[in-house]
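Have a look at the structure below before the remarks.
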Amino acid sequence: MGCLGGNSKTTEDQGVDEKERREANKKIEKQLQKERLAYKATHRLLLLGAGESGKSTIVKQMRILHVNGFNPEEKKQKILDIRKNVKDAIVTIVSAMSTIIPPVPLANPENQFRSDYIKSIAPITDFEYSQEFFDHVKKLWDDEGVKACFERSNEYQLIDCAQYFLERIDSVSLVDYTPTDQDLLRCRVLTSGIFETRFQVDKVNFHMFDVGGQRDERRKWIQCFNDVTAIIYVAACSSYNMVIREDNNTNRLRESLDLFESIWNNRWLRTISIILFLNKQDMLAEKVLAGKSKIEDYFPEYANYTVPEDATPDAGEDPKVTRAKFFIRDLFLRISTATGDGKHYCYPHFTCAVDTENIRRVFNDCRDIIQRMHLKQYELL
């Protein structure tokens, strides 16, 4: 009887265990279902584009607009990067003065020792940013020869934020310097790898993936292609007269066009539409109005280009700027309309990534497009 009693208890225990297992399975399935629904409800945006096109600045704008911006500690951590931008900028300009053809001399020969000092600190990685350094930078930036070399920066590789920070050297050099949001947007740090930013707009979840744009970073892009709602392709329109860092030969805008074409025609992406951010419109306008670098010298077809009748210029926009920006837009649209089979589309927008209001407006305009892409992705449309 003892044996029978024991077996009965074991059977009872097994029943309890089975019930607990079923309950546990139900909980797991419920959680998985919840995660599946959350995954389906999330809009995944992949930011692509050539190096230095402004992708990371777009991500920073999303943080400012939708993730409570940057806290004091994060701002403090960026001070060193900003001062490194100042150092890189002045080192690059001063070094280029003797290498560009024809070379540019210092306007004030008394600044020679300052130039020598800047060149001497160039290789130092853990540099201490002393007041002596900032004083030399300020004096050199005031030198007309240095300014003349800066004006020819398309002949060498100079970070976009050079002028911005060199003109703000008094603020950046302060002991109690606190970067502004605009300083953080302008700060240049090379993106290596894949960075994900999560944010919510009107209760809709967005995941934005920022991938390094340099050639050796692009092989990582394929890891992000799975289940992407849309691609935001960022092109630096002001780069029409510049060459890429990787080979100092290939035109940057041509590189961006070639990259766009390879993404547009990629067999894995033939159903994913592209939102095209024609970026750096502020810098494009400056170059066009300065008249020193003519677009037709780099893109001969510009000489015969006519602005489309349906083109809408911005209020007060110079016709030369309107013509330039629509020409570059049409270079990209020519690629997207040549192929596509109606399975994916290209939606162009003129952007200035450092202008928070511009990005707010453009992203709001894009949200309906992204929503339609998302519904189509899960065959709900």
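Even glycines carry a Cβ here, placed using N, Cα and C.
Per Swiss-Prot, these features apply:
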- E52, S53, G54, K55, S56, T57, L185, R186, T191, G213, N279, K280, D282, A353: GTP binding site (BINDING)
- 10-25: compositional bias 'Basic and acidic residues' (COMPBIAS)
- 41-381: domain 'G-alpha' (DOMAIN)
- G2: N-palmitoyl glycine (LIPID)
- C3: S-palmitoyl cysteine (LIPID)
- T178: phosphothreonine (MOD_RES)
- R188: ADP-ribosylarginine (MOD_RES)
- 44-57: region 'G1 motif' (REGION)
- 183-191: region 'G2 motif' (REGION)
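Positions of Swiss-Prot features highlighted on the structure.
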| residue | record | DSSP (3 states) |
| --- | --- | --- |
| E52 | GTP binding site | coil |
| T178 | phosphothreonine | coil |
| L185 | GTP binding site | helix |
| T191 | GTP binding site | coil |
| N279 | GTP binding site | strand |
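The two recorded residues, N279 (GTP binding site) and R188 (ADP-ribosylarginine), show a Cα separation of 16 Å.
Listed in sequence order, the residues of the same chain lying 6 or more apart from L185 (GTP binding site) and placing their CB within less than 8 Å of its CB are T57, K60, Q61, I64, A353, V354, T356.
The most densely surrounded of the binding-site residues E52, D282, judged by C-beta neighbours within 10 angstroms, is E52. Annotated pair E52 (GTP binding site) and the residue listed as 'ADP-ribosylarginine', C-alpha to C-alpha distance, rounded: 9 Å. Sorted by the number of other CB atoms within 10 A, the recorded positions S56, T178, T191, N279 start with T178, the lowest.
Counting every protein chain shown, the Cβ of R188 (ADP-ribosylarginine) has 20 other Cβ atoms within 10 Å. Cα to Cα, S56 (GTP binding site) and T178 (phosphothreonine) are separated by 21 Å. Just so you know, the Cβ of G54 (GTP binding site) picks up 27 other Cβ atoms within 10 Å once every protein chain is counted. Across the structure, D282 (GTP binding site) and R188 (ADP-ribosylarginine) are spaced 17 Å apart at their Cα atoms. On the 0 to 100 pLDDT scale, the model's mean across the region 'G1 motif' (44-57) is 94.
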